[in-house]
Amino acid sequence: MSHNRFKSFVGFFFGTVLSTFLGVSALHVINKNLEPYELGVFSYNYNLLQLLYPLISLSIYTSYIRFINESPVKDLINYVRKVSVCGVIIMSSGIYFFSREEEWLLFSIIILLQERLYLYKALNRIGYYNLINVFQKIILLILLFFTNSLNAKNVIFCYSLSFLLSWLLSLSLIKLNREVTRENSKVLTFKKNKILRYTLLSSIMTGVTWVSSFSDQYVIKYYFGFEELAPYAVAFRLVSVISIATSIFLSYFPIIYFEDANKKIYSSIKRYRFGFFISLAMLYVFCYFTYEYIYILLGAGDYIEEHRYFFILLIGEIFRVLASTYMIYFTYRLKQGFILFSMTIISILNLLLNVILIPKFGPISAAFTTVFSYFIYFIISLRCYFLERRYFLTIDEV
């Protein structure tokens, strides 16, 4: 690993760890103060909003990671920003029209915040990225701490307000755009249709992934209500928090992958991936032996007796993460259609099994269905590995 790359990754790592710690603290406050019913309502609505914003915005901000080195930066930034603003307007209108919850209108600002964060990460401005990311978590924690009588509605409002204030802070770094424009001296072509096709598939993929990840909670809620959903939702959110550690790699690995793939350095890609697999195994072994402390730390001590959900969902997460590291090859080759098709099949299978099994066997069947679905996804992803290997070895021979 080069000195600059190592320095950037270390900064990204520690910034994400700090952000994760603050996020865990916020989750502790939420789990500790919401009644089971309110916790179920919060998870239900928050997950829905998390689905809507990447769909409505077409996940346009993800184009920074893939195209920052292939497009005129000024044109790319202006285009992504315009689409993001349109996404905010559409999402805010939709929230008000369907929910009449005026307090939630600000949640759509997350689109503009993501646009800034992805830009900083793509440009390797890790200091800016960490500053905004950590600031958002601090604001959220402060708002939660000083809000009297927390309920599902005002918790979501706290998230929304933290997004707004963080985005406003990012505007103070506006000179970044001028610096980037000066630095980009290459004569490059701005391929709007190529970018839009890439982000459109990414957006659809987000929706399909959401069906696979969250549809079980909606089926549980439909048949058993919010109180029965709470233990499952808590376990899911705990696994999501644990997964933040893996997301540090999954967020940074594409940057390394695309750079090394363009240089045809396959050995570097394999080395980073193998190191991640070892770290992943160590992380999940650690979680297995410390699950009680994890529940207590995150303010979910009342749900420790329901820890079976946590263990089962953790196994499913392992398969999902492993598959993601292989599927990135098709992202590099701009062949996300295969990823989308694979995930669509998995999501449909997951949904059908949930609808059939949950009414008969209860919420626990949803956890086992998740494991089964992601195991199939992992098996499918192995095709990427063999195609990737053939692609790079063929290039080496030439």
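Cβ coordinates come from backbone N, Cα and C, glycine included.
Residues or ranges marked as transmembrane segment by TrEMBL: 50-67 (among others). Under 8 Å from some Cβ of the transmembrane segment (50-67) lie the Cβ atoms of residues 76, 79-80, 83-84, 87-88, 90-91, 94, 107-108, 110-111, 114-115, 117-119, 121-123, 191, 194-196, 198-200, 202-204, 206-207, 210, 214, 254-255, 258, 331, all in the same chain and six or more residues away from its ends.
Packing against the transmembrane segment (127-146) from elsewhere in the chain are residues 11-12, 14-16, 18-19, 22-23, 25-26, 29-30, 113, 116-117, 120-121, 155, 158-159, 161-163, 165-166, 169-170, 173, 176: each is 6 or more residues past its ends and has a CB under 8 Å from a CB in it. The annotation transmembrane segment is assigned in TrEMBL to 127-146 (among others).
The transmembrane segment annotation in TrEMBL covers 152-174 (among others).
Within the same chain, residues 47, 50-51, 54-55, 57-60, 62-63, 66-67, 71, 76, 79, 334, 336-337, 339-340, 343-344, 346-348, 350-351, 373 sit at least 6 positions outside the transmembrane segment (195-214) and bring their C-beta atoms closer than 8 Å to a C-beta of that stretch. Feature annotation from TrEMBL assigns transmembrane segment to 195-214 (among others).
If one looks beyond the transmembrane segment (234-253) by at least 6 residues along the same chain, the residues whose Cβ comes under 8 Å of a Cβ in the stretch are 9, 12-13, 16-17, 20, 23-24, 27, 31, 39, 43, 121, 217, 272-273, 276, 279-280, 283, 287, 294-295, 298, 300, 303, 306-307, 309-310, 313-314, 317, 321, 324-325, 328, 367. Summarising the annotation, TrEMBL assigns transmembrane segment to 234-253 (among others).
The transmembrane segment feature in TrEMBL is assigned to 274-297 (among others). Long-range neighbours of the transmembrane segment (274-297) within the same chain, counting only residues 6 or more positions beyond its ends whose Cβ lies under 8 Å from a Cβ of the stretch, are 24, 28, 238, 242, 245-246, 249, 253, 303-304, 307, 310-311, 314, 318, 321-322, 325.
What TrEMBL lists as transmembrane segment is 309-330 (among others).
Look at TrEMBL and you will find 337-358 (among others) tagged as transmembrane segment. Within its own chain, the transmembrane segment (337-358) is flanked in space by residues 201, 204-205, 208-209, 211-212, 215-216, 219-220, 223, 327, 330-331, 365-366, 369-370, 372-374, 376-377, 380-381, 384, which lie at least six positions past its ends and keep a Cβ under 8 Å from the stretch.
Per TrEMBL, transmembrane segment is recorded for 364-386 (among others).
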Intrachain residues whose Cβ lies under 8 Å of the transmembrane segment (364-386), provided they are six or more past its termini: 212, 216-217, 219-220, 232, 235, 308-309, 312-313, 315-317, 319-320, 322-324, 326-330, 338, 342-343, 346-347, 349-350, 353-354, 357-358
Long-range Cβ neighbours of the transmembrane segment (152-174) (under 8 Å; 6 or more residues past either end): 30, 34, 38-39, 41-42, 45-46, 49, 101, 103-107, 109-110, 112-113, 116, 128, 131-132, 135-137, 139-140, 143-144
